[in-house]
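Data block below; observations after.
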């Protein structure tokens, strides 16, 4: 059989190349992520329904839509892995293996391109953040995300705090009728922990003040520089996260490929037995 190991004489009918450990380990691996995919889709649908009840979300940055899309793709891929491993179906297993390989290569390519073209990536992130500032009041999820980022990184706006003039509510134009004209969100404010009563209006009219004067009450540095500095100082953490995402994919690819080869060997053994079933000298 092409140099492959043969079954012991007289036991060909009962011998199997397919390892139950590999088979059910791959099934368990896929089943766990299949359940996770179902939970992700359920959370995405629930979040989307709640947002429709409150306000129309911006689809381009909607976390609920992203969660549903990732969950559905993950559900389909892991379903192929589950059924393929249980039924020993080479077609489904190959589909599962190819999908994981493509996803892994896309992630690797994105990481390399992001590192090589870091300036272009920075410009792209800046455009995305500026677009998010424009739609700050349009989407409650987006608003919470920006507020969280500005509080955690101690920043305000994209490049500088005056970027908030891009938003129609915070725009500093003289004819802007908004009560928040020339202001910045509360998440930009420098909070003094010793204060008994927090001034939630601390960002009011901050864009009309000089840079140094505004810096006494709000964070004046943009979030892009803060984010870049955070990435540089947490490369090991990001590398660990990337490795944590890559290991399950590599394990899935390895197990599926091992099982595919075992199934092919088993098919060859069955064909050999069928071909020589009437040969007394086999």
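Each residue, glycine too, has its Cβ placed from N, Cα and C.
Nobody curates TrEMBL annotations by hand; they come from automatic prediction.
Taken from TrEMBL, the feature disulfide bond applies to 155-188, 156-172. The transmembrane segment annotation in TrEMBL covers 24-47, 59-86, 92-117, 235-260.
Features as recorded by TrEMBL, highlighted on the structure.
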residue : record         : Cβ contacts under 8 Å, 6 or more apart
155     : disulfide bond : 149, 188, 219, 221, 222, 223, 225, 226
156     : disulfide bond : 150, 164, 184, 185, 187, 188, 218, 219, 220, 221, 222, 223
172     : disulfide bond : 162, 165, 181, 182, 207, 208
| query | Hey, which bits of the same chain come close to the transmembrane segment (92-117), Cβ under 8 Å, at least six residues off its ends? | reply | 30, 77-78, 80-81, 83-85, 242, 245-246, 249-250, 252-253, 256-257, 259-260, 263
| remark: Around the Cβ of residue 188 (disulfide bond), other Cβ atoms found within 10 Å total 25
